[in-house]
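As written in TrEMBL, here are the features:
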BINDING   249, 262, 263, 264, 265, 266, 299, 400, 401, 402  FAD binding site
DOMAIN    2-141  domain 'Photolyase/cryptochrome alpha/beta'
SITE      334  site 'Electron transfer via tryptophanyl radical'
SITE      387  site 'Electron transfer via tryptophanyl radical'
SITE      410  site 'Electron transfer via tryptophanyl radical'
């Protein structure tokens, strides 16, 4: 008898799942398969004291638990089950080893240091029990083994070169979902299996999140996000086939209001509730039926950015998290002013677009992609604060957090990552993408009476108008934190990074 322990991580789905596919095919018919997920406290409730953040906030915890609940349902439909533990995997997984079986652990390989440290601890623990271990690659569109270079050694430094080199690389076909009976769960349930089968109410309590700290979705959210593979596949169908919104992606992706300005697929991708290859192949089908255009091209390109971030983290390892980045750009001279950082986190900077974006994320766990670049640039380039305080805060708050995309995005936005530096003028961004201030007013009600011509720079309103619209700057709404000279000229956020950008390179641009 073979016992296969399937350690699920960021691959919480039954479709196109290389780990489940391997388990279903390995060892013939005389086997039993135990899918397991560890809600590891090191990645959930642990506080990161230096940055005053929690690894996983309540909104992301809710999305994770919904995803696990749906995965358990889908596995049960296949005649299997999902064991859930709050113990560290290196402590729990060896307990599932059967003395009367040939034991093998199979899992999806990860990339960054904390995850790799856990992998090593698990492999050591299983080896001490004479169990075999099998790692599987499965988190990218391009399989690691199909790339025309070794990513850990020869990944191109910038995304454009990465796309050039991978243009002809094949994308593997989608793996079939295991058939009912192929993931044979043990017929006899012992005490260990029984106690790992409880769900949401008990888990919320055991995790240490007060029940009322897992709030319902905010009605102002751009989309009604619900965790789970089923919800992710539904959203994919909705965005591509029902609304055909993907055909307008290049025109709408920088908008701030509405459910279909972008795909909103990132939360499901982050947990592996959606396969990136599934999205890729489904988009190619859409192009075959409705004709490829600039929007579908840009949409697919964004998927490959996700691959690039993963392989970039693989190549540079812990340097990705260094204060001055992979190039050791010490000339940035980051500051750490917790009053400024906390005002930024709370959406009380006095910059309307920045405040709206941060309040949106705090309430819903989501922020438009362009908004992420704008608020990151504002914190680092304008306010000169250490980028890591922003990245760790995003990790806590975003329901679509994954290590590579989050920290890769922050490195790019704060000028310590690959490629050119983009310096965002937050007022210009506000005028360009929220012309009438609708998004701002939905998240910053203090400004709801401010006339449109002043909504992007309310500090320029005459005092008489401030009184008339009951929005006195410095009382009803904060004065902006931005450097004094930009506020005086009515162009806050436009140039705090100019000195450092000149030092960096001629390739920097302002937007």
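Note that Cβ sites are derived from N, Cα and C of the backbone, with glycine treated the same way.
Automatic prediction, not curation, is the source of TrEMBL annotations.
The Cβ neighbour count for residue 265 (FAD binding site), using a 10 Å radius and every protein chain shown, is 21. Residues 249, 262, 263, 264, 265, 266, 299, 400, 401, 402, recorded as contacting FAD, have a largest CA-CA distance of 23 Å. Counting in whole angstrom, residue 249 (FAD binding site) lies 29 from residue 387 (site 'Electron transfer via tryptophanyl radical') by their C-alpha atoms. Residue counts for the domain 'Photolyase/cryptochrome alpha/beta' (2-141) under DSSP (helix as H, G, I; strand as E, B; rest coil) come to 57 helix, 34 strand, 49 coil.
Note: the CA-CA distance between residue 334 (site 'Electron transfer via tryptophanyl radical') and residue 401 (FAD binding site) rounds to 24 Å.
Ranking the recorded positions 249, 299, 334, 387, 410 by other CB atoms within 10 A of the CB puts 334 at the bottom. Here the C-alpha separation of residue 387 (site 'Electron transfer via tryptophanyl radical') and residue 299 (FAD binding site) works out to 27 Å. When secondary structure is read from DSSP and collapsed to three states, residue 410 (site 'Electron transfer via tryptophanyl radical') falls in the helix class. Straight-line distance linking the Cα atoms of residue 410 (site 'Electron transfer via tryptophanyl radical') and residue 401 (FAD binding site), rounded to a whole number, equals 12 Å. In the shown protein chains, 23 other C-beta atoms lie within 10 A of the C-beta of residue 401 (FAD binding site). The average pLDDT computed over the domain 'Photolyase/cryptochrome alpha/beta' (2-141) stands at 95. Here residue 263 (FAD binding site) comes close to 235, 236, 239, 245, 246, 249, 299: these same-chain residues lie at least six apart in sequence, with C-beta atoms under 8 angstroms from its C-beta.
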